[in-house]
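I have a structure I would like to understand better, so I am pasting it below and will then ask my questions one at a time.
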């Protein structure tokens, strides 16, 4: 085991030339990031999750009820043992042949059976109240941590000059505020890693799961190697768009359509400017070029940049989908439905109301990476379609 750990923490891989782990041991004069600090994130992630449960129950839910958010879920299908067995054990979308067989077996017309399966599928969808509470928690957390990040960063030299991220590296003492910022962000992403299995199910679950793994890996990697200064810039940049996204979804659940549409357009602008403009020109520029100029070449540098480039690829994918939805909004005079990472996989059914009476919905019924974000992220759809 000791040999495996020694191989994994090889100094020539993780650190610049002539730097050893012993050089980065904390002393009475200066504290540096230590790998064992990352263990703090696990109990804190549990605390974050418990705070979320309390917040949703005692703050978000009363707010939702006060705003007249619908508390009930979709209409339930009438109990039927035969259809329930087919639904749970065989298929949720019976073909024409199976429908005809069930029609003869139950002496129901085919349309009634189709309606039962549609209601049964819709029955698995989360209520609007639950989705509002989840979005309000995410909105509150992102608003808090973004505000904290801005207050912290405006006092730092590397916000205004990214070359300061590498000044004196790796002998950059760990400030208490920076340590708190990092551990809170890491704890939040660890909590998402676990809670996503019980959260509102999304179509892009696999993509978001990958995003959360990438976020946790980047945060942990940058902390251990003391690349924390640029890490704080990435945190702040990513949290900005997530605030607007969750606000847009809450407005949609409250049926404030104009506000929801406005917030979605605002989110689209903030997301594209920050992820396709500022991120590559500000973050990738300093990690790809300024870091190399300041420290030369070492393997961990390229691993770090590969992870950041993968994150940029996700930004491009989500930006394309956002632009696609924004185009539909402009061409049809309203914002199309689904938004970044928060489209439920259980929502891929037909509407239970006539298409002509279906309400226009701006924002997906609830998103990362990051993710959130991102930690979502978006699938194009028309207003009256369920996905």
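Heads up, the Cβ atoms here are built off N, Cα and C, so glycines get one too.
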Which one of these stretches, 205-224, 225-244, 325-344, 345-364, shows up in TrEMBL as transmembrane segment?
205-224
Which sequence-distant residues neighbour the transmembrane segment (38-55)? Criterion: at least 6 residues beyond either end, Cβ under 8 Å.
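Distant Cβ neighbours of the transmembrane segment (38-55) are 136-137, 140-141, 183-184, 186-188, 190-191, 193-195, 220, 223-224.
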With DSSP helix as H/G/I and strand as E/B, how many residues of the DNA-binding region (85-128) fall in helix, strand and coil?
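So the DNA-binding region (85-128) is made up of 31 helix, 0 strand, 13 coil.
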